[in-house]
Amino acid sequence: MSSGNAKIGHRAPQFKATAVMPDGQFKDISLADYKGKYVVFFFYPLDFTFVCPTEIIAFSDRAEEFKKLNCQVIGASVDSHFCHLAWINTPKKQGGLGPMNIPLISDPKRTIAQDYGVLKADEGISFRGLFIIDDKGILRQITINDLPVGRSVDETLRLVQAFQFTDKHGEVCPAGWKPGSDTIKPDVQKSKEYFSKQK
């Protein structure tokens with residue numbers, strides 16, 4: 001795995017690449033296009049594989065929930081945009097993706113994967129990296145899975161909601177926090193209000 005330039009609390013590495021858009025067209029997109037929005041940017045190893053379609057379809061199926069949070073989901077792999085399109089045009093029952101609600105970026109030179117520190121150099125593919133970038137372009141969360149295990153859309157959605165809550169209210173979110181749950185005031189005295197309610 002490459003070290004990359006992606007660091008929590010710093011600007012997310014910029015990228016510009018060709019993507020297959022939800023309407024099936026090719027378009028060059030960049031991270032800068034989504035300024036003012038949260039972005040969930042995830043890498044997957046390869047098109048036409050086994051775990052990857054389950055993750056991509058799960059994120060695509062729930063794209064509207066992210067959109068309601070002013071958050072854009074973007075997928076990326078080292079495959080060409082032509083390969084992405086062929087996979088999208090393959091029926092789900094045959095291992096394809098079917099119609100997508102999110103853009104899929106092509107990173108054939110592996111520069112984006114390298115910048116984000118997810119390149120598995122010996123195979124020339126990406127680990128399952130997931131990055132939450134806030135509306136100011138700051139990287140707030142990084143997870144990188146080894147190849148065999150997929151990621152949770154529910155947990156990603158929860159993290160976006162939690163970061164947005166802390167941005168807006170200045171309070172911090174305890175383990176397992178969900179919208180509507182108690183939060184903690186980041187102050188020695190005021191935090192006792194939260195802890196006094198715990199069993």
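Using N, Cα and C of the backbone, Cβ positions are placed for all residues, glycine too.
Quick look at what Swiss-Prot annotates:
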type     : residues : note
COMPBIAS : 184-199  : compositional bias 'Basic and acidic residues'
CROSSLNK : K185     : SUMO1 cross-link
DOMAIN   : 6-165    : domain 'Thioredoxin'
MOD_RES  : K7       : N6-acetyllysine
MOD_RES  : K16      : N6-acetyllysine
MOD_RES  : K27      : N6-acetyllysine
MOD_RES  : K35      : N6-acetyllysine
MOD_RES  : K35      : N6-succinyllysine
MOD_RES  : K136     : N6-acetyllysine
MOD_RES  : K197     : N6-acetyllysine
REGION   : 176-199  : region 'Disordered'
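K185 (SUMO1 cross-link) has a Cβ environment of 15 other Cβ atoms inside 10 Å.
For K136 (N6-acetyllysine), no same-chain residue lying six or more positions away in sequence has a CB closer than 8 A to its CB.
When other Cβ atoms within 10 Å of the Cβ of K35 (N6-acetyllysine) are tallied across all protein chains shown, the result is 11. In this structure the C-alpha atoms belonging to K197 (N6-acetyllysine) and the residue listed as 'SUMO1 cross-link' are separated by 13 Å. Ranking the modified residues K7, K16, K27, K197 by how many other Cβ atoms lie within 10 angstroms of each Cβ puts K197 at the bottom.
When the recorded positions K16, K35, K185 are compared by Cα distance to K27 (N6-acetyllysine), the shortest distance belongs to K16. If you compare Cα positions, K185 (SUMO1 cross-link) sits closest to K7 out of the modified residues K7, K16, K35. Rounded to a whole value, the Cα-Cα separation of K35 (N6-acetyllysine) and K16 (N6-acetyllysine) is 13 Å. Secondary structure from DSSP puts K27 (N6-acetyllysine) in a beta strand.
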